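Going by TrEMBL, these are the annotated features:
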{"type": "TRANSMEM", "residues": "6-26", "note": "transmembrane segment"}
{"type": "TRANSMEM", "residues": "63-89", "note": "transmembrane segment"}
{"type": "TRANSMEM", "residues": "109-131", "note": "transmembrane segment"}
{"type": "TRANSMEM", "residues": "175-198", "note": "transmembrane segment"}
{"type": "TRANSMEM", "residues": "210-236", "note": "transmembrane segment"}
{"type": "TRANSMEM", "residues": "257-283", "note": "transmembrane segment"}
{"type": "TRANSMEM", "residues": "371-391", "note": "transmembrane segment"}
{"type": "TRANSMEM", "residues": "403-424", "note": "transmembrane segment"}
{"type": "TRANSMEM", "residues": "436-462", "note": "transmembrane segment"}
Amino acid sequence: EWDRWLLMGLIGTAVGMLGFLIHQIIDSLIKLKWDLVENYLQVSKRNNLYLSTGQDGNIHMTWLCALGLGLAMVVLSSGSVLFICPAGSPSGLPEIIGYLNGTSIQHLFNIKTFLGTFVSCVLAVASGLFCGPEGPMIHLGALLGCGLSQLQSDTLGIHLPLFTRFRNSADKRSFITAGAGAGIASVFRAPIGGLLFTLEEVSSFWDIRLAWQTFFCCLMATFTTDLLSSSLYGFFYRGHFGFFEAEKRIIFWVKNLLDMNVLAFIPTILLGMLGGLLGALFVSLNIKINKLRMQFFNSIPKLSLRKLIKSLRTVLCSFSCQSGVWKKFSCTRCWLHFPCSSEWGSAAALLIENGKQGITYLFKRGTHEEFGYTSLCTALAFYFILSCWTAGSAVASGLVIPMLYTGALYGRIIGLVLVSIFGVQTNEYGAWIDPGLFAAIGAASFFSGVSRLTISLTVIMVS
């Protein structure tokens, strides 16, 4: 079995390198976008406030610059899957689950699908759409698991005489399962979470040998991503090779831990019920939206025109996500560098930052009054509606970050209600009344309400 373990290690290493590359490109594109936006912002210090104006004194030029860059990325993202690899347009997870349970899907594991999904994923996340890279990473991990185990490609005309004994449907599904688990492990830096995710969500056929091999694959993926991230940031070497900083290794780093009180279970139960209800509403709305989409597109006779309209509809979705946020929350202070004290500025900081950074803001401990009711409720309405609309668009995108973000928003609202009732508690007994704590619980509740995951989600959240 040494060759099977060797392949599992190679697949995990390849998925880890791919995960690192995706996150580096996304971060670089986001930085590039805001660097270009800042060319329209002249920051000057006045009365200890940083006021931002455009080059012509007009914030609208800044808005047009950000909107144009975001729409250009969405056009390329949507076009790459619609016209190059239609199999890569969804998140990829339902297709992988279907394949592992006996459904044959054409062009699901070829090189064009891999390239199209990769390009679409990085552009969609960097553009500002309310989505994340998790679903496409599962698909890309499964693609690597399939390709490296079979070592053959009809598209490229490659048929290597290596590992030929694995060229059967049973072994192929085992390596695809391991690759999918490595994809989720690389994203969340949680090898046990990746293993449990494949056990709970992906595969229906399981044995203890496959469990150990999948865990080894997930472990290699996480180690590779962490190792590369320790030394490179934005493709620049930082001189810390092999130094695993906790803040960089844990995706939603929380510095100050809190002692729990039995009374905290009362709002926790409320958050669990709220997560289930809102999760059911989210799924129901998304199903209805996608049914209306399919009815509309099926009424169009020509396939090329149908694809063009799908792409334009995705661009319209992006326009709504970015235009609505900018028009509503254009703040005269420079939220690009400093937190804004106004309610609208706080909401703008939550919505315009990328999803992972926004979740980190919401999880932060000791910030009881940093975000008010207006900013949290407005951001919740925007994120819930627009992420529901974005899901199912013609781009390779995931729902995990939007689910965590939505749950964190209403969790922090519940925490803020408790602070309003009991006040800011500085004593050790009442320190659990912290909006950041309930933001983390709310994130898990909405994620669980939508995905109906329990064990793997708990491990991912506390890893």
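Placement of Cβ uses the backbone N, Cα and C atoms for every residue, glycine included.
Heads up, TrEMBL stuff is auto-annotated, nobody curated it.
In summary, the transmembrane segment (257-283) lies against the transmembrane segment (436-462): three or more C-beta pairs, each 6 or more positions apart in sequence, are under 8 Å. Highest Cβ pair count under 8 Å relative to the transmembrane segment (6-26), across stretches 109-131, 175-198, 403-424: 175-198. Same-chain residues lying 6+ beyond the ends of the transmembrane segment (210-236) with a Cβ under 8 Å from its Cβ atoms: 4-5, 8-9, 11-13, 15-17, 19-20, 23-24, 27-28, 31, 141, 145, 174, 177-179, 181-183, 185-186, 189-192, 194-195, 198-199, 242-245, 248-249. Here the transmembrane segment (175-198) lies next to the transmembrane segment (436-462) in space: the count of CB pairs under 8 Å, restricted to residues six or more apart, reaches at least 3. For the transmembrane segment (436-462), same-chain residues at least 6 beyond its ends with a Cβ under 8 Å from one of its own Cβ atoms are 184, 188, 190, 192-193, 196-197, 199-201, 252, 254, 258, 264, 267-268, 271-272, 274-280, 282-283, 359, 362-367, 399-400, 403-412, 414-415, 418. With Cβ pairs under 8 Å as the measure, the transmembrane segment (371-391) is packed most heavily against 403-424, out of 63-89, 109-131, 403-424.
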